[in-house]
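Take a look at the structure below.
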Amino acid sequence: MLSAHRPAEPPAVEGCEPPRKERQGGLLPPDDRHDSGLDSMKEEEYRQLVRELEDIRLQPREPPARPHAWAQQLTEDGDTFLHLAIIHEEKALSLEVIRQAAGDAAFLNFQNNLSQTPLHLAVITDQAEIAEHLLKAGCDLDVRDFRGNTPLHIACQQGSLRSVSVLTQHCQPHHLLAVLQATNYNGHTCLHLASIQGYLAVVEYLLSLGADVNAQEPCNGRTALHLAVDLQNSDLVSLLVKHGPDVNKVTYQGYSPYQLTWGRDNASIQEQLKLLTTADLQILPESEDEESSESEPEFTEDELMYDDCCIGGRQLTF
C-alpha cells in the first residue's frame, strides 16, 4: 500500500538557485498565494453557493423606447402636434398628448417660430385646464416668446384671472417672486401689463402675491401708479394707493405721479395724490427747453465770426 507523501525537495546545490515560478507579466513574489476560500467552506455552504449560481439568470436588456412619430413632426410654422391640438382647442386630444409626453421636457417646452410653447398657446386660447395639465407634466413657466413674454405676462395682459391663478399656484414660493418681477422686451412686469389694461382684479391678485408695486419701467422709470395716472384710471389709482406705493417716486425725467395730473381732466386723481405727495413734488419742474433758451446766446460764436456774408451783392444783416 502506497502512502501519499510530499515529494522531497531537491538538495540545494551551492551556487545554484532553485527555479522560480513565472506568471504572465513577471515573476511571482516568493510569498504570493491565491486562496479562493472553497477549501475552507463547509459542504452545505458549498452546495448553497452552487444553487445560487445556478439560479442566476441574465435578463436581456430592453431596447430604448422609440419616440412617437407624431412627436417629431412640425408644420411650416414650427408647431408640433401638441401646438396644433391646443390652437384648435381639441381638449381631449391635447390631454392625451400631454399624458403620453409627460416628463419629456424637450417636447413640452418646444417653441414654434414665434418662440411660443404649448403653455403660451394654452394661455392665449384661455384654456386654463390645459395649462394646468401642462404644468403638472413638466412645462417651464419661465420660457419667453418672441416679445419676451412668459405665459404669466400673457395671462395678465389678457386679464384672465383664472389662468393667472393656475400659473402662480403651480410655482414654488421661492420662484414666484422672480416670475412676478420678470420683464418682457418692453420692460414691463406682469403688474405693469395688468395696470395698462386696467384689470383691477388681476392687479389686486398680483399685489397679494408680493408683486413690487414700485417696480419701474426701464425705458422711462414709470411705476404702475404713474401708468394709472397717465390712463386717468381713478379706480386703479385708489387700488394701488391702498397697497402703499411710494407716491414720491419719480420717473427718469423727474416727474412724480402727482405732477402727471397737471393738465388732466380727472380732478379726483389729483385730490387723492396731493395729500400723499411732498410739496416739492407737487410743482411742475421747469422745462429744460425754457432754461436752455434763456441761458444760450442768440448767436453762436461761429455765427458771429461771419458777419460780412453777402448774397447777390447785398450784405446780410443779423
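Along the chain as shown, the residues are counted starting at 1.
Cβ atoms here come from the backbone N, Cα and C positions, even for glycine.
Feature list (source: Swiss-Prot):
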COMPBIAS  17-44  compositional bias 'Basic and acidic residues'
CROSSLNK  LYS21  ubiquitin cross-link
MOD_RES   SER36  phosphoserine
MOD_RES   SER40  phosphoserine
MOD_RES   TYR46  phosphotyrosine
REGION    1-44  region 'Disordered'
REPEAT    114-143  repeat 'ANK 1'
REPEAT    147-176  repeat 'ANK 2'
REPEAT    186-215  repeat 'ANK 3'
REPEAT    220-249  repeat 'ANK 4'
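Taken residue by residue with DSSP, the residue listed as 'phosphotyrosine' is part of a helix. Mean pLDDT for the repeat 'ANK 4' (220-249) in this predicted model: 96.
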